[in-house]
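Marked as cyanocob(III)alamin binding site by TrEMBL: THR146, SER147, TYR148, TYR149, GLN150, ASP191, ASN239, GLN288, LEU404. The annotation disulfide bond is assigned in TrEMBL to CYS159-CYS202. Annotated region 'Disordered' per TrEMBL: 399-424, in sequence order.
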Amino acid sequence: GGSDGKASSCKAGDPEITEVDSTLVERLGQRLLPWMDRLSPEQLNPSIYVGLRLSSLQAGAKEAHYLHSLKLSYQQSLLRPASSKDSSDSEAKPSMGQLALYLLALRANCEFVGGRKGDRLVSQLKRFLEDEKGAIGHNHQGHPRTSYYQYGLGILALCVHQKRVHDSVVGKLLYAVEHERHLLQDRVSVDTMAMAGMAFSCLELSNLNPNQRNRINLALRRVQENILKAQTPEGYFGNVYSTPLALQLLMGSLRPTVELGTACLKAKAALQASLQHKTFQNPLMISQLLPVLNQKSYVDLISPDCQAPRALLEPATEILPQTQVPEFIDVTLKVSGISPSYRHSVSVPAGSSLEDVLKNAQEHGRFRYRTQASLSGPFLTSVLGKKAGEREFWQVLQAPDTPLQQERRDHRKPGFGQSGPSPSLEWDGWTAAYQLPLGL
């Protein structure tokens, strides 16, 4: 606890830390601008719009155009009849996790989903939650077909639109938090806890499920305790990439304690340091961090402030050195859990992403891999012909056995986790700075 013994919330912190250097925040926002020019259905990302609207920044006319593109794409693809002739396998529909983010985007523009089309989208999301509830089962022995992260996100999205879901749907998420093994056996991380907590916070504030009020209150306490327990010595909750969602939850906490105030100050200081090191490059991650830097969270979408002044973002004008010779480093890739095992070294420029390494290994040897697109970036689906089956995932480790920090929060495909050992992909000798795309 703190030396003064006073309980404090996550929002009432030291101004030197809570008000992060505006230049760092602006640079972070500038990294989203190029993504707002990518308007193909597979690249549209509602999270980018939500993050900007809850931030202290704005993209001017680009924002309205981006929301318009989201509306056209999501309504056309999700409301298209199943037998429609122009539909094709290659034109995949947005997942229900993406639909939930789209509903958050509408609310971020102070719109309530409505009308015939809006009601159909709400019905789709409610049906998804009912299906997931069925997959979990009456005795809670099953698992969501996607993940508890998407399940919580779906409840939150409906809640901010004042759409009630059945007590039994909320009950499955409550049970998962009350019996953590149901979450932990899915490698569920701080961000999944945080998303569940934000769903509960919205339900508590909106009182949409009054019969569950006591359980919701207790579950929120448990979520907050678990997230605080997951704080690392550096100050992150879980890791650097799950800290923004954790802070979104904790900033809305109605349960201030000395421990909470201290933990939040430490986390914000760690985040500020990570901004100076340009840790955040992935648009999904940036869009979850920007609201935190503006003292906002997804729960604020219950009653968003659409008139709040926001600074206009200008495109970055970084001058890159022309004559710099790239430093090359040797990376050893090792694949275990398959037969025959694989080990091979490749030489790549310092600062390469993991996908750059995999591409290099594929171009210059017998290494083969496949990915599929997600809002978080490419997701690794098969290595050397070995596909991740249902409830399986490819685990990527930094030698000798450190799991990668950047976690998958895929809004598109089934959740990660399996019982039993997973095949793994390792690399050795990584000494230079690197960026890692989420999902790999």
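Each Cβ is built from the backbone N, Cα and C atoms, and glycine gets one as well.
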> In angstrom units, rounded to an integer, how far apart are the Cα atoms of GLN150 (cyanocob(III)alamin binding site) and CYS159 (disulfide bond)?
Replying inline: 14
> Got a sec? Which of these binding-site residues, THR146, GLN150, has the most Cβ atoms within 10 Å?
Replying inline: GLN150
> Given ASN239 (cyanocob(III)alamin binding site) and CYS202 (disulfide bond), what distance in Å do their CA atoms have, once rounded to a whole number?
Replying inline: 25
> Among CYS159, CYS202, all listed as disulfide-bonded residues, which has the most CB atoms within 10 Å of its CB?
Replying inline: CYS159
